[in-house]
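Colleague: Have a look at the structure that comes next, please.
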Amino acid sequence: MAQTGTDPQARIEALRREIREHDHRYYVLDAPVIADAEYDALMAELQALEAEHPELITPDSPSQRVAGRPAEGFGEVTHAEPMLSLDNAFEEADLAEFDRRVRQALGLDPVVYVAEPKLDGLSVSIRYEDGRLVRAGTRGDGRVGEAITENVRTIRSVPLRLRGEGWPPVMEVRGEVVIRRADFERLNEQRLADGERPFANPRNAAAGSLRQLDPRITARRRLTFFTFGVAAAGRLAASHHEVLDKLAGWGFRVNERVERVRGLDGCREYYQRLLADRDELSFEIDGVVYKVDDLDAREELGFTARAPRWAIAWKLPAQEATTVVRRILPSVGRTGAITPVAELEPVGVGGVTVSRATLHNLDEVRRKDVRKGDTVMVRRAGDVIPEITAVVTEKRPEGAEPWAMPAECPVCGSEVLRLDDEAVHRCMGGLYCPAQREGALLHFASRKALDIDGLGEKVVSQLVERGMVRSPADLFTLEHCQLAGLERMGDKSADNLVAALDKARRTTLPRFLYALGIQHVGEVTARRLAEHFGSLEAIMNADESALAETPDVGPVVAQAIAHFFAEPHNREVVQALRAAGVTWEEVDPAERGEQPLAGRTFVLTGTLSGMTRDEAKAALEALGARVSGSVSKKTDYLVAGEKAGSKLAKAESLGVEVLDEQALQALLQEHGR
């Protein structure tokens, strides 16, 4: 019951503060100071007062964690900074090599790292503005994830309103959503009692709970959020461990096993301690993450295209089991790679029922000598990917034959080829092969290919599933009424996509070549081919020796191009695209002009005011230059715009010539660009 004789607003605020404090003590600190019945009484009083005074309800009130009705679907969230994955270490030697690279790059020995358990859950990013939770999303592809705000609000270890003071006006808190082992067991017991299929493991339970359209279901799953960092917040401190301390002070849960360690020996010792305690932990883990603690050092180390150079995940040893191979099947991936997959008698491994295991490639099948009917040892590498580690040859049945790679793609019938420098066999069906369709279409529409704005993964998936698009040429037959009928499309988005498709009909020969997705043909190679041959017909009809004469095209790339165009299906795709109106201007090899910057390597950094970095890159490459993403002793020039950062400092230390934007413009004008 609500108290009488007091100011309702003041009492509501007092109740909210008290409930937030108890939530923090219970769900973050694991140190409650009142009984559940007392907590329930406080919440009941707050809810009663807010019911009497609905004008006083605020989104960050503890009573508003659970939305009242299911959502119709998940929207998208664009992360302020990409949520990159981590490189993995599967053996101690991998960790030692990582430490060596870091020490060498920084000139430090030893390096101080922050070590933390790699929780086996779902990574999420939670955005706060002025101290209040406004948005939450999954990792997704690293740039765009699914909006799960209402579900994340139900997690009691996630503050709806930040504690303390000193937090930035905007920040994205990154972390892992997990479910305790004990809560997972109770959840599965209840699902069995309700006649539902139990979850295979805690990670699946956590991920499935976050993707419920009804947040009331999520609220009943007792999820926990552990933060492991922050983005888009500016410089909060000098080190990662200080940032974690600040996040803890603002109300977030930081894993109690996070520690600072010194050098490789400290990393090893932490790993062994955590491994020894693994079965006693309340949460599932699948490894240890090591991060360079000093944030200036992180900036100096930088990133690769997919992962930071200052962090690594050392995977824990997998658990193994014995089972029997029913048969070996060739599986065609989205890039055309054909992977032998062993179909197994189902067996439990690390809490998961395993019925298939990858054999990677033909060399691996031969090395392990896996055959149909064999008894094998199976493990989940890093507790995730099932693989066969050994064959018990003593139990091999008589007449078991070695497995052979098929000569034709099991999906489309195209030639299967192993390029000279590759371990994998590939289907040469390219854009024609149904198994490669979605991946090929996404590549075809990507920014550096035909740049079809609005044709993302979810749209392509629907178009393929509904049979609306079987080849790239089908894209150009799509009409507004067809697109508007897709999920989360709408009239305006359909109009925009139709316009983008129409615009994409007018492209360039290098972009078209790149869009075809030929193995080893990137944007630079595509441009070299266009410049060397001048027309698509000349490229399609060239043999391997003629192709290999192209600058930057060696025998392996020439082989891939020749086999791609030797496949009749691929020629039919090209013909269909031209019939659909895709055009470009041919390049006259005789009029390509000089390449005055051939052999010179440039690096671009910072913000340019007169052009984008992509435009600057294109202009330099048109003059024969190579544009790299990192500074090294082989770099000839660094073009430094505003806020150039660590690349400028490294260039100066290596004696690399630095050009400002004005000097770049002068260089381009000198050569007629």
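Heads up, residue numbers simply count up from 1 along the chain you see.
Every residue gets a Cβ built from N, Cα and C, even glycine.
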Colleague: Same Zn(2+) site as C409, C412, C433 according to Swiss-Prot: which of C427, C481?
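Modeller: Between C427, C481, Swiss-Prot records just one in the Zn(2+) site with C409, C412, C433, namely C427.
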Colleague: Could you tell me the C-alpha distance between C433 (Zn(2+) binding site) and K291 (NAD(+) binding site) in angstrom, no decimals?
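Modeller: With distance taken Cα to Cα, K291 (NAD(+) binding site) is 42 Å from C433 (Zn(2+) binding site).
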Colleague: On a count of neighbouring CB atoms within 10 A, which of the binding-site residues C409, C427, C433 is highest?
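Modeller: Compared across C409, C427, C433, the most Cβ atoms within 10 Å surround C427.
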Colleague: Which of the recorded positions K118, C409, C412 has its Cα closest in space to the Cα of L86 (NAD(+) binding site)?
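Modeller: For L86 (NAD(+) binding site), the closest Cα among K118, C409, C412 is found at K118.
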Colleague: For K118 (active site, N6-AMP-lysine intermediate), which DSSP three-state class applies?
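Modeller: In three-state terms, K118 (active site, N6-AMP-lysine intermediate) counts as strand.
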Colleague: Given the Zn(2+) site residues C409, C412, C427, C433, which other residues of that chain have a Cβ within 8 Å of the mean position of their Cβ atoms, reported in sequence order?
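Modeller: So the additional residues around the site are V332, G336, P410, V411, G413, S414, V416, M428, G429, Y432, P434, A435, Q436.
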Colleague: Mean pLDDT for the domain 'BRCT' (592-673), as a whole number?
Modeller: 84
